[in-house]
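The block underneath contains the structure these notes are about, expressed in structure tokens.
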Amino acid sequence: MTEERKPLNFIEQIIEEDLQNGYEREELKFRFPPEPNGYLHIGHASSINLNFGLGLRYNAPVNLRFDDTNPIKEEQEFVDAIKRDVEWLGFKWEKECYASDYFQQLYDWAVAMIKNGDAYVDSQASEQIAQQKGTPTQPGSASPYRDRSVEENLSLFEAMKNGETAEGAHVLRAKIDMASSNMLMRDPVMYRTLHKAHHRTNNDWKIYPMYDWAHGESDFIESVSHSFCTLEFLPHRELYNWFLEKVNQPKQLQPKQREFARRNLSHTIVSKRKLAQLVEKKVVESWDDPRMPTISGLRRRGYTANSIKKFAETIGVGKRENVIDMSHLEFCAREDLNKTASRVMAVLDPLKVVITNYEEGAEEWLEAENNPEDETAGSREVPFSKEIYIEQADFKEEANRKFFRLTLGKEVRLKNAYIIKGESVVKDDDGNIVEVHCTYDPKSKSGSGTEESQRKVKGTLHWVSIPHAVKAEVRLYDRLFTVESPDADKDKKFIDFVNPDSLQTIVGYVEPSLKNAKELEHFQFQRIGYFCADQSTSLEKPVFNRTVSLRDSWVKKSN
RNA sequence: UGGCCUAUGGUGUAACUGGCAACACGUCUGUUUUUGGUACAGAAGAGUCUAGGUUCGAGCCCUAGUAGGCCAACCA
């Protein structure tokens, strides 16, 4: 038995090393810590997949922790949406945690730090404090309040806590090193005063901990062993450890922060702040607009949880700048949908075809396979009649032999039906083709087994019977931005690169079975692409969103 | 003028304690096909940012450059 060694990513290597250097397997614990200030996006999917994937791999618990230390930006709506998205992706968290649950503990620790001379209340304006921080190349200078007595610090901090001081009047700062080459170590702010209701603690607190003070300590409280975050937090690591050393008196397992590169997707943006702008400025309808790279947008667009997880898995984790091409995400969608989506027929740009030798008023129901990739998917019946729609693009009056579709004098197969031959066209006064007249070979019915039905014709077209056709709203989505990296331009803003044609809404004709499509049900409109019933779909008015088109080597060649 | 991080085909990742660069996407060819889809077979495409060094041997180690990124919010 050869053990196939799947290469480990650098995060897994860190864990393997720790395991060899004394960590117990049972001590492993991870967390996914979003701030509830927006919706989760494809970048978070990577982080979710990393943390929960590690949990699965090592059979270790993973907490879902809301990093809710800033009441100004956070809302319950986002908490709910985040939970929904993580669940939909198919992950189970061990505990649902909130940094706000630790406010009292954090406060007590802060008091202890003041007593130990590790923290002090600074009563300067924020501009003043900023100025004293110095610059990356010049050391900072001490605040005049840096050496306040413990008693004074204690009483001021308590006054802050009780809401007796104005917002901005005082902050609590850690006393570290104003000359550190790491700006974050120059006496970072631990608490600010905010007279603002919090979505969970309401008005209980008037002071709120800063990220650096809350995050590592939350990890510690939950006994998280490995705390993974994005690269921009790398300089925070030193502070993370400094705080933990102050708190971790009886030597317990100390959480370890490590950083990985955030994932960027081409032709879109992955920044909650900017995504929020798209919603606010009505560039898109909502956070779950199918053009958004949010988890909820992708879901509504028709991406499956599996395809998103597969995407996250195949791109892996790294530490360098990256822009992943959208085609990779699209591949993951097609790969999954190919195996699972029912094949149906829909005509999006109709051209009327009359089968002249087919009996007037007759109809027949033909058997159609639901999914050639899945034998258990069964079949259904689709109605056929004398008048049908095919795609405009599937007919040309005259064409070269590379054109495998309908043309005068040539035969094509109607999918699941008969072989037809183009005979003549009917044009309007302007010379536009309004009808194509064809004849069919009655013995060529699909699946009939006759010699005629076995004939090889080069092209196969999808179609819809006109008297049975159901009108449907079809939303064709394209990339949201016209350039690969909308937020990389020095002069222009990302919003200037919005693709004006990112949404095209049309009326299409679909086979009658689609009337009953359920919200989020996936289909392959044969020869066109994958579509998903929108949440607004109904019996009277079916609505479909295009997830992604089918791969099309013909388009490429003809261009 | 500082500190830290990163550098491998077009893109994203691999290459275990150094042993003649692999996988996926994308691109291009064919075969099969009642989807110009899928599946299958195959091809092109990097010699690993540069320059030195250590070594029998370097993408991996060392040194110095270069390029990009991060750091001066009472945001996370």
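A Cβ is built for glycine as well, from the same backbone N, Cα and C atoms used for every other residue.
Within the chain carrying the compositional bias 'Polar residues' (A:125-141), a Cβ under 8 angstroms from the stretch's Cβ atoms is held by residues 168, 171, 173, 178-179, 181, 183, 186-187, 189, all 6 or more beyond its ends. If you look up TrEMBL, you'll see A:125-141 marked as compositional bias 'Polar residues'.
According to TrEMBL, the domain 'Glutamyl/glutaminyl-tRNA synthetase class Ib catalytic' annotation covers A:28-338. Along the domain 'Glutamyl/glutaminyl-tRNA synthetase class Ib catalytic' (A:28-338), the predicted structure has mean pLDDT 97.
According to TrEMBL, the domain 'Glutamyl/glutaminyl-tRNA synthetase class Ib anti-codon binding' annotation covers A:341-441.
Annotation comment: TrEMBL describes A:460-534 as domain 'tRNA synthetases class I (E and Q) anti-codon binding'.
For A:125-146, the entry in TrEMBL reads region 'Disordered'.
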By DSSP, what is the split of the domain 'tRNA synthetases class I (E and Q) anti-codon binding' (A:460-534) into helix, strand and coil residues? 12 helix, 31 strand, 32 coil
Per DSSP, what is the residue tally for the compositional bias 'Polar residues' (A:125-141) in helix, strand and coil? 7 helix, 2 strand, 8 coil
